[in-house]
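For reference, TrEMBL has these:
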BINDING   Gly54, Ala56, Val57, Asn61  Na(+) binding site
COMPBIAS  12-27  compositional bias 'Polar residues'
DISULFID  Cys160-Cys169  disulfide bond
REGION    1-32  region 'Disordered'
TRANSMEM  48-66  transmembrane segment
TRANSMEM  78-99  transmembrane segment
TRANSMEM  120-148  transmembrane segment
TRANSMEM  211-228  transmembrane segment
TRANSMEM  240-260  transmembrane segment
Amino acid sequence: MTRQDSAAPAGSLSTQGPSNAGYNTNPVPVPVITQTDTRDKWSKKMDFLLSVIGFAVDLGNVWRFPYICYQNGGGAFLIPYIVMAIFGGVPLFYMELALGQFHRTGAISIWKHICPIFKGIGYAICVISLYVSFYYNTIIAWALFYFYSSFASVLPWTNCDNAWNTENCTNYFLKDNVTWNNYSRSPAEEFYTRNVLEIHKSDGLHNVGGVRWQLMLCLFLIFTIVYFSLWKGVKTSGKVVWVTATLPYVVLFILLIRGATLPGAWKGVVFYLQPKWEKLFETSVSYEKIPHDHINSI
């Protein structure tokens with residue numbers, strides 16, 4: 001009779017002892033157990049790069065930054081902006097990117113590898129992202145409502161002949177001589193306040209008023225798009241960023257060409273970027289600049 005040797009220890013493929021008659025001395029292969037990575041991976045490097053660009057350049061850079069720049073010194077505001085971006089925004093952004101690539105975990109579980117006592121930072125990042133998504137998606141819903149309203153033969157925010165307009169509506173673009181008082185309102189302002197938001201139906205913060213069903217549908221559509229964009233993780237989001245990360249630059253370039261060709265455009269650019277150096281010594285500049293950089297880095 002013959003018998004087989006017992007299995008060799010892990011990592012060893014050698015036989016035990018010399019070859020003896022009546023024994024099967026063939027080496028027994030040891031199965032190699034490898035740890036498989038079950039996390040999704042980017043299909044292309046360009047998907048990851050566009051995703052990073054999309055996170056770095058968001059709605060706040062396009063919509064909020066010009067207003068902050070104008071309110072806080074024009075061209076002079078670019079000095080603290082660049083300083084904070086170099087020493088604050090970019091290092092934080094790169095640190096978050098490097099930690100995520102190294103540990104390959106989420107914003108909450110990553111702190112188990114770094115320092116578990118700081119796990120609350122991960123929860124805070126998620127809460128901040130949730131809060132930001134509320135008002136950013138609301139602004140996008142307004143833009144979607146404007147896009148829908150623009151399909152009219154006459155743009156509703158260009159005249160005072162609509163049902164929501166008041167006697168204070170003044171269309172100063174169609175008149176050579178216009179008397180403007182403290183109660184005068186432009187058609188665009190009344191369209192936004194009285195038709196889009198319907199602020200006149202509320203007495204204040206204690207009375208939120210009814211549900212604006214048009215905006216509710218727009219907001220529902222926006223969150224539906226967000227859901228399906230993240231439905232299968234990086235497999236779907238990696239494809240969506242090809243549109244979301246590139247389309248803003250195309251639109252901005254079109255608006256730049258359109259704005260630069262308008263009469264008096266360069267006077268507006270000079271007025272916008274004219275530095276007001278005294279603004280650099282006001283605390284409001286730092287108050288506006290620091291949150292703008294840190295929210296974008298988050």
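Backbone N, Cα and C atoms are what each Cβ position is placed from, and that goes for glycine too.
Automatic prediction, not curation, is the source of TrEMBL annotations.
Annotated features taken from TrEMBL, shown on the structure.
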residue	record	contacts (Cβ under 8 Å, 6+ apart)
Gly54	Na(+) binding site	Val241, Thr244, Ala245
Val57	Na(+) binding site	Ala245, Pro248
Cys160	disulfide bond	Cys169, Thr170, Asn171, Pro187, Glu190
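Long-range Cβ contacts of the transmembrane segment (48-66) within its own chain (Cβ-Cβ under 8 Å, at least 6 residues beyond either end) map to 42, 93, 97, 136, 139-140, 234, 237-238, 241-242, 244-246, 248, 252, 272, 292, 295-296. Taking all protein chains in view, 19 other C-beta atoms sit within 10 angstroms of the C-beta of Cys169 (disulfide bond). If you look at the transmembrane segment (240-260), the same-chain residues 6 or more away from its ends with a CB under 8 A from one of its CBs are 47, 50-51, 53-54, 57, 62, 229, 266. DSSP classifies Gly54 (Na(+) binding site) as helix under the three-state reduction. Its Cβ taken as reference, Ala56 (Na(+) binding site) is surrounded by 15 other Cβ atoms within 10 Å in the chains shown.
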